[in-house]
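One structure below.
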C-alpha cells in the first residue's frame, strides 16, 4: 500500500526532487523554461571505471604527491563535470591502507554539474576515495526539475547516500522568485531511507518566517513517511473561521493514518478527525473517527441534551480471503441527527436522510454463493425515528446452467426485521425463488423465456398497537405463493448510412417483453422493505414494480421499446435514443390501501420512458431522459444536460432536473414524510462552467435555481491562480443545510474557503478546475 503525500515542508532542498516528474502541458512547459537541462550524452555504468579528462591553461606537479591546474580548469568523468579557476590534487599514503588517499581542492568560481544537480561556490573539496564532497557558501540548482537553494556548507557523505546542509535553504520557485522557502540550521537527507531530517526548520513566505519547528523528519521520495500536510482554512456561516492542520502518520507498511486537528471558531473547540487505512489478508479498509469534545452552539440549541459531544464513526471494508470468503462493511454512525447539517464530511450528507450500518460475510464457489448480513439505519429525522433493520439476513444462490437447453437458479432468503420503536410490527421472512430459463440467440436477436415461483412465509409479531389503529389487520402467519412468467425478446438490425454519412452505421434494436404475475392480496403483510423502483428505459423491462419482497405487484403486461444507435467509422457511438412503454391488460395491484394509485383501476399504457444521448461533435454533447407515469398523473422524473467541453479546464454545461412530489413520495415514502424541502418535488435549472480567464488564472462556477420555490437552490464560485512555485485557490459556496419548520423554508450555509498549494514538488501543474468542480454539493458529471 503505497502513498505519496505532499507535506508542508517536505521535499525541500535539492534531494526532494530526485524522483522523476511527468509534466503537464502549458504551465509546466513554461516553468521548465527556467530550469537547466542536461544536454550532454548520458553515460551509463560505474563512473569509477571511466577515464578522467582534465583541461587547463596551466599545469604543474610533484609526482606522485601533488598536481596543480590553473586557468579555466575543466575536469570531466562520466556525467560529472568540475570547473574552477584552480584545482589542486593531493595524494598521501595512509598507514594500514592499500590505496593512497586522494583529495581535490577547488578554488575560485567553482562549478560542478551532472545529470541531477548544479553546484556553485567559491570553494570546494572532495575525497576521491570515499566520494565525500564539500562546497562552501554555495548555490545549488536541480537539473531537469524545479528546486534550488543555498547553504553555508554542502556535504556529500556515505558514497553519496547522505546530503548534509549547514544553514541550508530550498525553494521550488524559479530563479528570481523566492515566494516561499524552507531553511534549517542543519538538514540531513538519506537517499536510501528517503527521509530528510531538519533542525530548527523555518518555513518562510518571502522573507517572513511563518512556521517553526525545532526538529522535523519529512518524507523525500516514494517511501511513506510521517509528517505535516499542507494546512487549509475557510469561513462558513455555520462554523465561522475554520482551520485544518493534517498530520500523516506512517504506522507500518500495511497501515497509515491522517490525524487532523480541525479548529472551528463558532463551536469553541477543536474537532479531531482521524482517518485510518489498513491492508490485511481479509481485505483493505478505512476507518474514520471524528470527535468534538464539546460544542457550545449545539449546547445552546439543545439545552435538554445531556451531552454536547459530537462524533462520527465510519468504517468501510472490502476483501476476499482464500478466494472463497467475502467480507464487507459499510458502517456510518453519528452522535445526533443534526451532525451532517453542522459539519461537512465526505462520508455523509444532510440530504441523505439516513446513515447505513451494514456488515456482511459471504462464501462463494462455482455455482453457489451465500451471504450473511446485518443492516441497520440511523434516521436523521427527529420527528420520525421509526426504521427497520435486518438482524440478520441470509441470502443464498445456486446456479446450474446448460441443463439441456435450460439455465436454472434457486434463490433463497431468510431475514428478521426489527424496528427502532417497540410498538411497531416485526417479522421473520423466509423466501424461496426457483427459476428456469430457456435462452435462445443468434447473430441478430435473442429470446429468453423465464418461469419462476415466488414463495414467501411471514411470521409477524408485535401487532397489537398497529391492528388497534388500522382497519386493515395484519396476520401473525402469512404464506404467499406467486408464479411469474416472462418472455423477453430482442433484435438488432444494422445498416450503413452511406447516403447521409459515409462510414457511419445505424442500428435499430426493438425489444418486447411479456410479464405475467397473478394477483395476491398482501394487505395482511406489513411493508418492511419495499418501495417503488425508478422506471427509466432499462427499468421498464424489470420483472418487479417494487424493490424488496413485501410488495410484489400483479402483472399482465407487455413492455415494448426500441433503441437506435449511430456509430462513426471508428465504432464510436455518436447518438442513441430509446423509447418504451408498459401496457397493462389488467390493473397492477398488491392489495395495499396505502398505495393510492391502486384505487384508480387503471389499465392501458401507463408508464412511458425515454433516454437519449447525442455526441454532436468532439466538444459538444447532449443527454436527456424522461419518465411519465399515469398512475402518478404526472411526469415522474426528467433530466437533461448540454455541454461544451474543449478540455478538462474549459467547459460549459446547462442542466435541468425534475422529480414530481408524487414520485418522491412513492419511491422514498418514509423519508418524504419528514423531508419538508421535497414536499413540492424537485425542479431545478442550473449551469456549470469552468474556464481559464487569463494567464495562469482559472474560474469555476455552478448555479442552480429552484423553479418551484422561485429562489436559488445552491451555487459555487472558485478562482485559482497558478504559478510555477505555488497556487492559491479561493472558493465560495452556498448550499442548503436543513429545513426551518417554523419559517417553512430551507436553511442555507455560506462557506468561503482558502487553500495554498506548493508547486514544483509533484507533477501537478493543473489549473485546479477539476478539484473545484468536484467540491460542489452537486458535483459535475461529464456529458460527453
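Along the chain as shown, the residues are counted starting at 1.
Using the three backbone atoms N, Cα and C, a Cβ is placed for every residue, glycine included.
Annotation source Swiss-Prot lists disulfide bond at 31-724, 173-725, citing sequence analysis. The signal peptide annotation in Swiss-Prot covers 1-24 and rests on sequence analysis.
Distribution of Swiss-Prot features across the structure.
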residue	record	DSSP (3 states)
31	disulfide bond	helix
173	disulfide bond	coil
724	disulfide bond	coil
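Sparsest Cβ environment among the disulfide-bonded residues 173, 725 (other Cβ atoms counted within 10 Å): 725. Geometry remark: residue 31 (disulfide bond) versus residue 725 (disulfide bond), CA distance 9 Å. All protein chains included, residue 31 (disulfide bond) registers 23 other Cβ atoms within 10 Å of its own Cβ. Spacing of residue 724 (disulfide bond) relative to residue 173 (disulfide bond) is 6 Å (Cα to Cα, whole number).
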